[in-house]
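The structure appears below as structure tokens.
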4 protein chains.
Amino acid sequence: MPLSPDQQAEIDTQRATPSQTLRAVAPGMEAHLYTAHEVLDHGFVRVVDYMGDDAAICQAARVSYGRGTKSVSNDEGLIRYLMRHWHSTPFEMCEVKLHVKLPVFVARQWIRHRTANVNEYSGRYSILDREFYIPAPEQLAAQSVVNNQGRGDALQGEEAARVLEILKADSNRAYDHYEQMIGTDGQDGLARELARMNLPANIYTQWYWKVDLHNLFHFLRLRADSHAQYEIRVYADAICNIVKDWVPAAYGAFEDYRLGGAILSGPALSVLRRMLKGERVEQEDSGMSKREWREFMEMVDN
Amino acid sequence: MPLSPDQQAEIDTQRATPSQTLRAVAPGMEAHLYTAHEVLDHGFVRVVDYMGDDAAICQAARVSYGRGTKSVSNDEGLIRYLMRHWHSTPFEMCEVKLHVKLPVFVARQWIRHRTANVNEYSGRYSILDREFYIPAPEQLAAQSVVNNQGRGDALQGEEAARVLEILKADSNRAYDHYEQMIGTDGQDGLARELARMNLPANIYTQWYWKVDLHNLFHFLRLRADSHAQYEIRVYADAICNIVKDWVPAAYGAFEDYRLGGAILSGPALSVLRRMLKGERVEQEDSGMSKREWREFMEMVDN
Amino acid sequence: MPLSPDQQAEIDTQRATPSQTLRAVAPGMEAHLYTAHEVLDHGFVRVVDYMGDDAAICQAARVSYGRGTKSVSNDEGLIRYLMRHWHSTPFEMCEVKLHVKLPVFVARQWIRHRTANVNEYSGRYSILDREFYIPAPEQLAAQSVVNNQGRGDALQGEEAARVLEILKADSNRAYDHYEQMIGTDGQDGLARELARMNLPANIYTQWYWKVDLHNLFHFLRLRADSHAQYEIRVYADAICNIVKDWVPAAYGAFEDYRLGGAILSGPALSVLRRMLKGERVEQEDSGMSKREWREFMEMVDN
Amino acid sequence: MPLSPDQQAEIDTQRATPSQTLRAVAPGMEAHLYTAHEVLDHGFVRVVDYMGDDAAICQAARVSYGRGTKSVSNDEGLIRYLMRHWHSTPFEMCEVKLHVKLPVFVARQWIRHRTANVNEYSGRYSILDREFYIPAPEQLAAQSVVNNQGRGDALQGEEAARVLEILKADSNRAYDHYEQMIGTDGQDGLARELARMNLPANIYTQWYWKVDLHNLFHFLRLRADSHAQYEIRVYADAICNIVKDWVPAAYGAFEDYRLGGAILSGPALSVLRRMLKGERVEQEDSGMSKREWREFMEMVDN
């Protein structure tokens, strides 16, 4: 169970006491507050707070573009226009604060996105819990033979069993030794900041992560992508589901123009125009390398 | 009057409709929502939205430092500890969005603070209003003769009158010409993005400005300082009054450790220790330059 | 003449003294050092310093992707791969420092790009020079009637003459009054920080601007775009010419994948696939709004 | 030995070929290029590239403050003035790129500093090396009993031996299993991105880290501090030694005003003034809490 009894009690108290506010309220998001959406075997994503809604995006855009935006008939049209033309600052006017519990190796990928605020559980101050990510059997994928950073098919039978056995045994042994080193019963054990170095990267950590909507979309575009590692993609997917309820119009535009969209190079655009005029184009006369051509054909031929 | 009738109407509508929320609510801040605090002759600062409160700072710190923070007896003590030891990330967990109307030359200073989100009124899209900052007579200060960037005493009599006359006449003439160049009655005038170049730096602009509390404190420390230019300091002061009501404990710590505090150099600290032991120290044997010594003596001798 | 005699003398001294270094040197960039490329009537762009070259991008990528990048046959191929797949961090490993002289209204657009370091000439400390941007007659464009932020045809004859007359006369009068207010002959005039508010937005300022290559590309994509205001676009164009000589492979990839490329929405991609299979698609059954359809048709039908 | 033969060969080639440049050259820094300074048992810090020197800081300041800076007699005085008065932008005009090899638990602390560019070795693409940080016996400190995040005395005798044995055995076993899981001889093993989760936080990683001087000073102030964890402090110390040779004047100012300095709260400043006038002040009438008083007394009584 991902939430500790203490955390659950704190959440229950908060949930029980709605207050009045004059701020913008997103009803779809209120429903997510204080609900821990489970991810992986011990992780979760939980909305702690948020600022703004679809209307707040338009409000900010209308300050910038003044009367010029009045010609756009409605909020959804305006939001789609902003997304299409990379006017990113109005999206920065919405903010969300999440509580996330996640394995350390996922946290290490996540933290590369620097335009966010983070408060992480500290292994210097506190003792980490015995919680490790052990993949579900269908996620025990082999190294891809075509892609250096990808996964192939799932391991089967004995090979899979052996891997699971290793991960479980090593995690538990590492944690046993961690406990031994820091000591018990108040005796002077090894400093926590040192003992934690024995713990493997599948141990869970947690943090508060606060980010604006523009930077969140950037994160989601990279991490909800099919090339992202499965273990971070499931967090991105969970967040997508939350954002959809928070700012439905902005999320719809994001889905159409970023997630589901594609980028054409100049040479690819030229080829496309020739093709649409009925010309038959081959890689040799496309101005693209073989690799670019293959990626291009996969995109248009899907 | 700083707010346009359209803006006032929009605000009145928003103020009339409180909603229920499960988020953290700061009662002191709710009272500021939809109230334009007047600054200078046509400017204002107005809270559009906020996220978090004093408790949210502690909540984030407790995630980081875990059980370690339980030893601190209360929220205020914890917040003061965080401020004193430069643990800035918990303060980043609060966010505020302001609507500010301000002269362009103030906006140019303000925007140097890069860690914020901004949507500014665009003179490319829209026609600027005829509103200019004309200093109050007591603010017509002479150039300081001791400080390259400072002000001396206020100009008097004819000299002051002449300056006011110039500022008013030039502003109005520039605006008349701006209007002439962009044309009226739908005829094809000069593009707005060009015509605006004729307008002086005391014309008012406005923007939405969103920033987290840590970066806001950094802004306030520099801009509410006595060395800051008066015209930006009054905005900083107005914001200080708002923040005091929003996060009273954090603001109190900020006032004690940043605004009212001082920084000692290593050599100054050595001198201080010698002085406290009763030694009489002179600049010559202080290890400080004359300028540093003067600044040090002003600080301790105040 | 854009450079002051002092600046020119300083530059001449620096140019005369090449030194030995063990760092990466980009020969194409060395040729730009200490050369002020003129932009507009009094502006310039000048390279002050730089760090890295095409090889430095690959060097950083090879640290990240390890042996995996060995399969890419050469630096150019690797750089194009990185650009195509939005692996932006290796581009951040190059840095450039520019000295730019530009009108204030251009500086105000430019500074919105926050991920850069800036030191601007301060009108609080120092007296600004009498230098104003006066557009060339062919740049005196009318407001576009189809685009709120665009330009139409150039004004002609008397109308153009009248605009030029206004801009010149108002600039000079504003500067005369600025001088009068701050005083001469050492008498106590109005503080510089106040007097500057009388100066219009076409006065020139200057700054040192330092940015990494990834963020520079982002700036160039937006500001070298045909929708950017002419007066900032000419600066972006001048910088493009510099970057092309500095990191030729990275610039080539940027040109193909960003500047000359296009972004397809999910619905647009679907339509495209149907078209390539020979289907005739109309806006009504495209899943796109009229505006999106028009923009899409302009892109593929060019 | 921290550098691989490949890395050493690459470095030797680069070192052998000095080039001519017109850029600012810092002689003290050239001596550091291509030298790996060893840190901990397998780590290092190595300067890959740099931009600017002490003179470049002054050059940028002089653009900002114009003629106003001429009154400061020399570069060192100007730099000390800038540091004392928190004029941080001129320091941002210098940049350094380091190659660092460090244990993962150190990397996790380091990466919290977000205002830097990073390219890290990727365990998704490549196989990690069998290199683990094993503390020297004198660093096997016990948990502090007075400070939640601190260290007490070193463990002794059998207890120390037992800890070392655990760390070594667990590291090696984890790496053996990592190798088994990813497979050898080209057979389809577990994907690298999964297998790496078994590796503990004392395994070494490496990255290119690029940062400007202002942000580097901020990093060094926090990480070269006596409260920082020993394992990151030794990296900060190594970087301090490099920076001292790169920008001696700036480093001197940093040492005096940041590293060796102290911050006084408003109440502490009041108490100090009373003390200097000969008054005897106790905690009870100091306006400080007991904790603040203790910290204050430690500072002035040192």
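Yeah, the Cβs are placed from backbone N, Cα and C, and that goes for glycine too.
Just so you know, TrEMBL annotations never went through curation; they're auto-generated.
Since this is a predicted model, take the numbers as computed values, not measurements.
Among the candidates A:Arg80, A:Arg151, A:Arg223, the one that TrEMBL lists alongside A:Gln109, A:Trp110, A:Ile111, A:Arg112, A:Glu120, A:Tyr121, A:Ser122, A:Gly123, A:Arg124, A:Arg196 as binding dUMP is A:Arg223.
Using a cut-off of under 8 A between C-beta atoms, the binding-site residues A:Thr89, A:Ile111, A:Glu120, A:Ser122, A:Leu213 that neighbour chain B are A:Thr89, A:Glu120, A:Ser122. Residues from the set of binding-site residues A:Thr89, A:His113, A:Arg124, A:Leu213, A:His218, A:Arg223 situated with their C-beta under 8 Å of a chain D C-beta: A:Arg124. For A:His218 (FAD binding site) paired with A:Gln109 (dUMP binding site), the C-alpha to C-alpha distance reads 14 Å. Look at the Cβ of each of the binding-site residues A:Ile111, A:Ser122, A:Arg124, A:Leu213, A:Arg223 and count the other Cβ atoms within 10 Å; the largest number goes with A:Leu213.
The number of other Cβ atoms within 10 Å of the Cβ belonging to A:Thr89 (FAD binding site), over all protein chains shown, comes to 21. Nearest by CA distance to A:Glu120 (FAD binding site), out of the binding-site residues A:Gln109, A:Ile111, A:Arg223, is A:Ile111. Ranked by Cα separation from A:Arg223 (dUMP binding site), the binding-site residues A:Thr89, A:His113, A:Leu213 are led by A:His113.
Cα of A:His113 (FAD binding site) to Cα of A:Ser122 (dUMP binding site): a distance of 20 Å. When secondary structure is read from DSSP and collapsed to three states, A:Thr89 (FAD binding site) falls in the helix class. Taking the Cα atom of each, A:Thr89 (FAD binding site) and A:Ile111 (dUMP binding site) are about 22 angstrom apart.
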